[in-house]
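*Asks:* After the structure tokens below, expect a handful of questions from me.
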Amino acid sequence: MTKVSSLGYPRLGENREWKKLIEAYWAGKVSKNDLFAGAKELRLDFLKKQLNAGLDLIPVGDFSLYDHILDLSVQFNIIPKRFAKEPIDIDLYFAIARGNKENVASSMKKWFNTNYHYIVPEWSKQRPKLNNNRLLDLYLEAREVVGDKAKPVITGPITYVALSTGVEDFTAAVKSLLPLYKQVFTELVKAGASYIQVDEPIFVTDEGKDYLQAAKAVYAYFAKEVPDAKFIFQTYFEGLIDSQVLSQLPVDAFGLDFVYGLEENLEAIKTGAFKGKEIFAGVIDGRNIWSSDFVKTSALLETIEEQSAALTIQPSCSLLHVPVTTKNETDLDPVLRNGLAFADEKLTEVKRLAEHLDGREDPAYDLHIAHFDALQAADFRNVKLEDLSRVATKRPSDFAKRRDIQQEKLHLPLLPTTTIGSFPQSREIRRTRLAWKRGDISDAEYKQFIQAEIERWIRIQEDLDLDVLVHGEFERVDMVEFFGQKLAGFTTTKFGWVQSYGSRAVKPPIIYGDVQHLEPITVEETVYAQSLTDRPVKGMLTGPITITNWSFERTDIPRDQLFNQIGLAIKDEIKLLENAGIAIIQVDEAALREGLPLRKSKQKAYLDDAVHAFHIATSSVKDETQIHTHMCYSKFDEIIDAIRALDADVISIETSRSHGDIIESFETAVYPLGIGLGVYDIHSPRVPTKEEVVANIERPLRQLSPTQFWVNPDCGLKTRQEPETIAALKVLVAATKEVRQKLGN
């Protein structure tokens, strides 16, 4: 019989119970005991759901109260030096992730090319030790519910160290962890663990080539020291970087991604690289929400089965990246809904595929195929769109000329101050929006409320003496979902939440058909805000690449076509804003770097397509219209040429948590356009000191001209509280004025 498994399950819960529990603890509304009890209740519920889905191996250790990499850091005593004197408890754990009054938070980076963020481990000569065997505790807890189906899951030592910062000697760092992993594994085996899943996704990246010898040594050590353990060497998000070497590791099974790494991994299977090994085949897309093509997938599984000692079917990666279930999405078009598969439905899919492979007939298998075919044939996927050959893809003049024209119009001071776009969304805002959605208040009442918030924050910004203002985005729940509600080809869900970082959950829209601009999206609120002040107010849009990367995108057409469709829609909205007198328009490409393929050989094509779509969106404006863009946490050195090629008049970049790493990208490369490198971290409630912000302004000015530098927070301020937001912006403005004075002298 073919087995079925999973790599990980969503933490949030069907109604975001996980998020609400953690935030209640942060707010002091529940005790530590309540937090731990609530977390256990959720864990056990998730285990039972997977047991009832018919899984043969159920992941344990994927659950976290913030981030699974942070869990390892605290477990292995890789605690940042600035927190070293604090007791090792849950409050320290959250402080490392979020910061506190005394110390800044650790860096946060994207988990490979997903929209999930992990807390970067900081090495600073700590002595690794096992503070607790958390995985053993969770395994013993799980055995009470699922018995011997419990499968411990842990990120492997090579990936963990590769994702760290401050590592002076990679080999020494890995070696220092091996006795700790050995103890964890030994205790798990003694407790009855059959399989142990060790995640090593670094080996699907180009960087993984540098660690092949380390992999040989590490897994030889585990095989010798824990001989009774059955290890699954698990990778995802791409194909193995070197299957010839890695397939020879002394492990029992290999978990491979046959969705995003299909070409390389299938070739390795066909050539017999994994002959005699168990294969855990990731054939269900764990990162997107479309139902699987059972016809193609069943044929693929037959090929894999022929070349493996034993086959287990599973999703391509952890289901952390998709919502929990479609069962509550009753408002969706039936053709669309029947073509979707969230986490629970994906578990059903792996079970049905296994039963079909074993020769068991099931009418549900054939019904699944019928639903899949109906979606592919739907009319909304075959719309005639604007001819791209008639669309401008280059600004009329170069940046130097545009800058002079824009400055003559805007009269901005040296080091202009601004924010990224959103302001705090209070409980009152959320409550009023919900009342409007339920029909408890009228459209007119809701509009009046939103306008009152806009006016209040315009006055706050004027009082703070910011130079370029924003309307605050109070009408938006999410920067991508908002546009998904307004464009043809998109739909939104009621409960389609996924974790982005910590307790931050997002509800990505679904791009199910061809995309078109239907009506003004942002014009009314932006024009109203501009009518209240003589200072420029930015129009706030989300760019085509970010909309795509932060949505559940359709996969039946090439990505560049989808980029271009959305670029055309954003172009139409930009033109409406420009015609309405808005002089500065920000087109956020927060997720440009996030979508970058993990392999360098695939990156140029993606970046070329991304730049082209941005040009489609922004190149039809006049020289006097200033185009801004914004980007989130990224390794920018590898995409600096693409950033320059966007030809945005000003780019703002999230930098403060990088502790200087991102700034170095712009210190070593000539960047001629306007730029704002975030001067304080908005992901932490901590208010920066003026001295910190002054330093964060002055450091990039060693390389960048003051005439091109803008001063702004790291990112939007929607998730912050109003008092801390105003306090931090006061510091930002005061620091900017101090630096201006120094420059003037």
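Along the chain as shown, residues are numbered 1 onward.
Note: Cβ is positioned from N, Cα and C throughout, glycine not excepted.
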*Asks:* Swiss-Prot has Asn115, Asp478, Tyr501, Arg504, Ala505, Trp550 binding 5-methyltetrahydropteroyltri-L-glutamate. Which one of Lys19, Lys20, Lys29, Lys209 is in the same site?
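*Replies:* Among Lys19, Lys20, Lys29, Lys209, only Lys19 appears alongside Asn115, Asp478, Tyr501, Arg504, Ala505, Trp550 as 5-methyltetrahydropteroyltri-L-glutamate-binding in Swiss-Prot.
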*Asks:* Report the candidate from Asp293, Asp572, Asp588 that shares the L-homocysteine site with Ile420, Gly421, Ser422, Glu473, as recorded in Swiss-Prot.
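*Replies:* For the L-homocysteine site that includes Ile420, Gly421, Ser422, Glu473, Swiss-Prot also lists Asp588.
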*Asks:* Return one of helix, strand or coil for Glu654 (Zn(2+) binding site), based on DSSP.
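*Replies:* Glu654 (Zn(2+) binding site) sits in coil per DSSP, no helix or strand.
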*Asks:* Let's check the environment of Ile420 (L-methionine binding site): how many other CB atoms sit within 10 Å of its CB?
*Replies:* 26
*Asks:* How many neighbouring Cβ atoms, not counting its own, are there within 10 Å of the Cβ of His683 (active site, proton donor)?
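*Replies:* That number is 22.
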*Asks:* With the L-homocysteine site defined by Ile420, Gly421, Ser422, Glu473, Asp588, which remaining residues of that chain have Cβ atoms positioned within 8 Å of the Cβ centroid?
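*Replies:* Apart from Ile420, Gly421, Ser422, Glu473, Asp588, the close residues are Thr419, Val470, Met479, Met540, Gln586, His630, Cys715, Gly716, Lys718.
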*Asks:* Name, in the order they occur in the sequence, the residues of the same chain whose CB lies under 8 A from the CB of Ala505 (5-methyltetrahydropteroyltri-L-glutamate binding site) and which sit 6 or more residues away.
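*Replies:* Non-local contacts for Ala505 (5-methyltetrahydropteroyltri-L-glutamate binding site): Leu12, Arg16, Lys19, Trp497, Val498, Gln499.
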*Asks:* Can you tell me the three-state DSSP label for Lys19 (5-methyltetrahydropteroyltri-L-glutamate binding site)?
*Replies:* helix
